[in-house]
Structures are given as C-alpha cells and as structure tokens.
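Visitor: In case it helps, TrEMBL gives these features for our protein:
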BINDING   C:C93, C:C98, C:C134, C:C138  [2Fe-2S] cluster binding site
Amino acid sequence: MKVTIDGHSIEVEPGTTILQAARMIGGEVVPPAMCYYSKLKGSGGKCRCCLVEVAKGSEADPRPMPKLMASCVTGCMDGMEVNSKSSPRVQEARKSVTEFLLINHPLDCPVCDQAGECDLQNLSFEHGKSETRFIEEKRTFEPENIGPNIQLHMNRCILCYRCVMVADQLTDDRVHGVMDRGDHSNISTCISKAVDNEFSGNMIDVCPVGALTDKTFRFKSRVWFSKPYNAHRDCPTCSGKTTVWMFGDEIQRVTGRKDEYHEVDEFICNGCRFDHKEVKDWIIEGPRAFEKDSVINQNKYNRKLEKVEIATESHILIGREEDRKKISMAEFPLTEEDIINQKSLGNNG
Amino acid sequence: MSQKILLDKVTIPGIKTYEVYRANGGYASVEKALKTLTPDEVVEEVKTSGLRGRGGAGFPAGMKWSFIDKKSGKPRHLVCNADESEPGTFKDRYLMEFIPHLLIEGMITSSYALGANLSYIYIRGEYMWVYKILERAINEAKAAGFLGKNILGSGYDLELYVHCGAGAYICGEETALIESLEGKRGNPRIKPPFPAISGLWSNPTVVNNVETIAAVPWIVNNSGAEYAKIGIGRSTGTKLISASGHIKNPGVYEIELGLSVYEFMNSDEYLGGMSSDRPLKAFVPGGSSVPVLPAHLIYKTANGEDRLMSYESLSDGGFATGSMLGSGGFIVYNDTSCIVRNTWNFSRFYHHESCGQCSPCREGTGWMEKVLHRIENGHGREEDIDLLLSIQSKIEGNTICPLGDAAAWPVAAAIRHFREEFEYHIRFPEKIKNRDHFVAEPFEKVKYLVAKELI
Amino acid sequence: MERTHYKQEINITEALMSRINELINHYPEDKRKSALLPVLHEVQDAHENWLSIELMDKVAEIIQIKPIEVYEVVSFYTMYNQRPIGKYMFEFCQTSPCCLNGVEDLMDYTCEKLGVKVGEPTPDGLFEVRGVECLGACGYAPMMQLGDFYKEHLTKEKVDQLIEDCKNDTIILHDI
C-alpha cells in the first residue's frame, strides 16, 4: 500500500496507522503524540495532538475526509494522501490542543523532575504561544501518596491513560485508574494505596509529563546534568537492559531504554529501576546516544524505524472495508443542499 | 389534525398493560414480520420509509441497519438508546412511560430484522420508575410468548433486557453507551471501527433511539412506502417534539414533519402561543446543542420562506441563519430571559457532562464556562467575546465524539445572534446584578446603550 | 486525589443477593461486568443511598472484577454517592428550561427553609438540597428528583408539603 505524507511517499503494510507511516518516513512530517504509545494496546486518540488532514481518502475513494483525523488511530489506505506539517489547518489544530493542555497545567517546570525530557515542553516549544489567554483560576487536585517509589503530581497530568494501560497490560493487579470525570478526572488509587507491583515503575517511563516521577531520584539533579549509559544486568524478572543515569560515579536513576519517540524498547522491573543503584550492580555498555529535541539533545540519535510493528494495531483492520464505506458514506451521496450546508458549517464562527 | 402513528393510542385507558395494548392491535408487526417477512425484507421496508434516526443526528435508520456485519457470524445485538438527556428533550420518557409496549414491539421486530438474539434497552438511571415500567412490560410480553425461545413458532429467539445508566449525558453517544453497558466509564470509543462491525462485547451492534424503534411497527404494518408519504421531502414520517419554556402548553407532541413553525407555536392544538403576553425573543428547536435563533429567523428563513418543522427547513441557511431539528427539544424564550445566562447555563451543562477523555473537550468546556460565568456575573472584558468564539472554534471538530461540537455550537450561535447582549453585560455590570434583570428592564429597552450608531 | 474514608455498615441480604444474581443473568456468562451499573443501584438503594469503599469492594467481589474498576465507575456517574447523604435528597434540575420556570428561586427558598446550603445535609441528616443537570422533564418545570421519582410543576407550597411529608415519613423513595 502506498501512502503519501506531506509529499513523501512510502510503502506500508495493511494495518499501519498514519502516525506509524509518518515515523517510518521520519523528520518533520512526524506528528507529535502525547497519548499514543506503540507498545500499549488501545492507546492513542485522546490527546488530539497528532491530528492530520486526509486530503485524499484512498485510490478507491479519493474524497477528502471532512474532519481532521487522529493519525495514531487512523489506518492507511492505498493511495491515501495526508497533510501533516504542511497543512495550516493541522498547524492551527496542534496550536489549539497545545493551548488546551497548558491552560490548567501548573507550568512549574523549574521544580519539575521531568523538565528537560518532557513531551509537553517539547510540544509547547513547537506549537505553544508566548502568552496565555487564560486568566481564570487553574484547576488543582489534592495530592495523593501512591507509595515509596512513584511520585504523583496530578496537577501536571494530561490524562493520556498510558499509566493505566501499563498497569492493565503489564500487571494483573491494577490498583490505580482514572477517577471522576470531565476536567476533574484524575489518576488515583481512590484509597491512597501504594502502587508497588513489580512492573509499576514503568508508569514513570511512559508518562509524557512530570505527573509520575521517580521518588528515588526526586530533586537529585536536573536530567541534563546526568549522563545516560546503556547498561545491563542478569535479572530474573526482566531483560535487565536499562539506561543508567550517572553523575560522576554515582548512578542517580535507572530507566528503560527510550527511542527517538521516547518509547521504551523494553519494559523493566522495579528491582532494576529502584533497587540497583550501585555501579557494581551493572555491566555498563557505554554512553547512550540520545534524544530528539530536548535540552539534552546531543544530535546523535539517528536510528530509523525500519519496520513497522503492527501487532498492536490489528484493530485498525477490523471491518475496514465497511468502515471505509461509512466514513465516506458512498451509498448515501450528499445532496447539493447538504454540500451548501456543510460549507456554511465550515464558515461558522 | 395531523396523523399520529406513535401516540395515536396513548390515551386509551390501560394501554400500559399487555392485554389492552394487544387488544388494540399491538404486536401485529411482530406477527407479520416473523410469519411473512424475511429479516432483509423488514430492513428494506425501513429503508424505503426514509425513517431517520430520531436521537438527533438524523442518519437514515435503514441504512444504519444495512451496515451491520452479518458475515463474521458473531452474535449481533440491537441496543435501544433511552439515555435521553439532551436539555429540552423529554419525548422518549413520555413514550416509554405511557405506551411501553410500543417500544418492546419495535425492539422485537427490529431485532428480528437485524438477526439479533440478545437486545437491550439502555435507559438513563434517573428514569428509574420508567425502568420498572419497562421491566414489567417485558415480563408481560415474555409471558405472552413474544420474547424468549421460538417466538410464535417461527424459530426466532430473542431475549430483551433493560439496563440502567447512572447519570451521565455522554452515555447518549452510542459508543459511550456501549462502554457503559459493558460496566465501564462512559468514555466514547475511537471510531472506526463503528458499532455495526464491533460494538457491544466486540459484536456487531446497532444503537437506535427509542422513537426510531417505536416507528418500526407502523412501518412494518403499513409498509415503508406509506410511511414515506407522511412528512415532507427527505423528512418523512412524524416526529415527537418536546416543548418547554415560555409557552402556554408545554409537553410532548407528535407532529407530521413539514408543519410550519408558526402553526406549531401558535395553534391551540399545539403550544398555544406564549405563556404570558410577553414577546417571543428566541428559540432552540432541537435540544440545547443546536444553535439558538432570534425572533426574526424563527417563523421565516433568511430567504423569507416559511420555516417548517423538518430537518431541511430548520437547517436552512446553515449556521449563519439556521439551526437544526436535532432531538426535537423545542425551548422557547420570551423577552425576560437572558441569553448570556442561558448560554452560561448550557456551557455549565457541557462542562459538567464532558467525559474528560480528549483534551479539547475536557479543557475547552471548562474554560468556556468560566469565561461565561465571569461575563454573567459582571466581570467580563471586551476581549472575552472573541475569546469565546476562538475557544469554541478550537473545540469544534477536534474531539473524539460530538459532545465537543454540541458544547461549541450554542456559544457560537448566541454570540452570532445576540452579541449586543454580551456587550451589555460587559459594559454595564451594575445593571445585570440580579439574575432576573431583564424582567424589569427587557433588553429592547436598554439596547440603545450598546447599539452601534448609524450615521 | 486523597479522599475521606467514611464507615458504613454492610448488609447484603438474601433478597438483595437474589436480585443481584437476577441482574447478572441478564448478560452472557462471561460478561458479568456488564451488570455493574444496575447492581450498584440496587446495592446503594439498600445502603442509605451511598457507597463506601468497603461496599464497593464487596460489589467487586460479587461481580468478580478488580476493586479499582468499581471505584472508577462509581466516581464517573453522578447518581452514585461516595459519602453519607441526606435521607431525603431534593435534587433540583437547574438546566435552562427549569430556570426559565423559576427553579433558582425555588432552590433558594428550599435552602432557606431547611437552613442549609446546596450540597450540605441538614444536621439531623434528614434533608439535602442539590442542583443537578437536565433530568428530562423540561415541560413540567420546575421539578426535582426525590428517590426514584420526579416531583414536577413545583411551587413553594408543594415544596412545603413535601418537606412535611418527609418529616412524617410518608414519602415513598423507591419503586419496588
């Protein structure tokens, strides 16, 4: 199947999402993603950062899709043409979403442990404005202690649901979730219970912002002062392949190994993450080339996403033929009147 | 007197019970369909009828049915959406409360058409007494052999249950409803896949509004072609309208689509005109989500044609000078009502009902409410009006489900048609201190304060 | 978010349990979770109209799901109460059509008469006034929900009468 994004064409397998295709192309066409995580089933579609314009639906049905589509949950069609960075409409939508994500965010980056490796900072850098139009009181939440390893700062959360999916998909005993609703939705255990499952630490790695941070690293250093090294150990629970963050000879923090899109290669266990902070615990492989566009950028990171992983995208294929019909409603052609109405809808406001 | 096909028997004493309903021709469509028609033939009749979804979107019901996936061999389900919660709408409750067997009959006939053997009616939790009415009606129908195994000896099996929600407007969105029916939070799903392919428990599912399903028995009994003769153009059939606000006779009315708005508003058969002698100021024709219209656009469209109660006529002029039929929640305002307060009220509703899953709706609805609350309480700034327009445009079209649009449209429409009232609130905070300030001093009297000078 | 923990006496009677099992049977065997909302209604009705953590845990055990799945659902829907509430909860609809018919004045009147603010039970725990969003009775405004029932076309006199009836314990809250 051939798909074209901002003029770059690429062959993809059925079931590939637009976002994955864009990542295969790489560079500026890649939409930002705050909630999608390729290793978590059912993730994506919520933050609306990755909206793109589908200018041509497919070879079979070339009509454009009327609304912007979330690229992380929209499957490619043969002959599809997508506008990402090249579309003013898309740029405007990304600015809008960025503004929405920031209005209630505390903007406490100077004291946030995520600063320097925060996806929201990167998003704001790309699509944010220098001024706020929000003069209302910000929404805040009462703090909750969720145990000795993980610090929860609900005020910073953007509700990507990734941590909930980690708990659902990596452990069989999820004790935290999303409580309440609307703009009061919050991540909580409801009963102030410790989140201490063997793989719970991965919630920290998947969190795109500083809502879930490592308590054992809290206020120890700014991330850009420590140096990341790839390291491994013989671990009975996980692969033992990690990144250790060192300041001199001291291991300040252990995380999963993250790729260009801040996704971990493999999830690691809490033993590796929290309990092995001595140099002798690890076989250090060497400095880790790092990061896309954060302040710790060393411009060394250049691994291409060569083959798309479609295991988690299988749902995209479900009923795609029927869906195609329904999206475009080929059997229910628009009357002239409808088209005029739609145009006036588009001009509304 | 226009033709009634849903509420024609509602006044018969005892029609709530199976015996009376049956004695008055009830369940004939089940007999006809199961004994003489194939499921596909029933679908065809509904397609021919032109019946459109009565929940608000107006999508052709027969078309929706034809999308259901029959190839996969998975069990199929019909779910009736009785989560009526659009402000201004209370027609489904009326129908279910006073003639429950009509819905049960529609569910059986429609389930047969779809090949569904397990169907549900999802009713909002607040309608608890109606839930009990439906439960009793289902038990009666089951005892009479219209539900269960081998219905009327046809070999067709159907189990039907009522499921109650627990207070969430968002569960009226079909995928949120399905999530809620699965015992989860009412977060709408990402589409595709659509429910017709993967709905309840990942099985092919059709979700239809109460009124849509209740129209099916008549269509099966009298044919789709007969139904299509009622109404006007592509607005076929009859529609239940819930009328409220400053009118003489609030309540639920069944009208033939195509009736003029003027007649509906003023004739004694329907709303009987305004409740007091005060002039008409504005109306919302299809529930809180659709754009409000000012007096001069109510009886006539922008082109000067008579405005009719139909999908097409009410949306004539697009959003610039038109609105939508929506769910048929008809709210009328006289000159004592304050458009700013009303817009804030609706905004508070959407803020309260946003599920919080996607960012534009979660953050945007709250922001709009806060700004409107400030304006309503005398703390508005001139730039707030354009700010509101900007926020609503950033929500619209960028959300997972239509709640974002529903929250955005009323704000845009209120400013479009009543901008001066917003300016009045911002510039004269001392005059709007009391929430009923327009009772003593209607806007027409103070309009000169903010009117643009004509030179 | 840290939450206050309220204690509650739990009593799942035989009758309640058989109703719960009936509800669970409305869904396929491997879809017990679907019964969660209706079961929570029944359990709440039998426990002074609110759900403590312990009660939610009990429901999780009966439905065979994780406690967190129950907490998530209970906190999403407005009809489930997570703290002790007034025995007679006057839930006034405060959405636009009811406002056009004076519900705001009526709420002020009721609060003043009971000497409470919206959302606070009376000291004797008998009454509570709450503003809720559209209840689908716009044509019969102003109105409120009391237990399973709607009280419509309200006036000050009707509110007075309702308060009297509640005090005399002659109000039916649940449809059986």
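Just so you know, glycine gets a Cβ as well, placed from its N, Cα and C.
What you see is a predicted model, and the numbers here were worked out from it, not measured in a lab.
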Visitor: Per DSSP, C:C138 ([2Fe-2S] cluster binding site) is which: helix, strand or coil?
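Guide: Once the DSSP labels are grouped into three classes, C:C138 ([2Fe-2S] cluster binding site) ends up as helix.
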Visitor: Which number gives the other C-beta atoms within 10 angstroms of the C-beta of C:C98 ([2Fe-2S] cluster binding site), all protein chains shown included?
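Guide: Excluding its own Cβ, C:C98 ([2Fe-2S] cluster binding site) sees 29 Cβ atoms within 10 Å.
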Visitor: Does DSSP put C:C93 ([2Fe-2S] cluster binding site) in a helix, in a strand, or in coil?
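Guide: Where C:C93 ([2Fe-2S] cluster binding site) sits, the three-state DSSP reduction gives strand.
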Visitor: Could you check the binding-site residues C:C93, C:C134, C:C138 and say which one's CB has the most other CB atoms within 10 Å?
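Guide: When each Cβ's neighbours within 10 Å are tallied, C:C138 leads.
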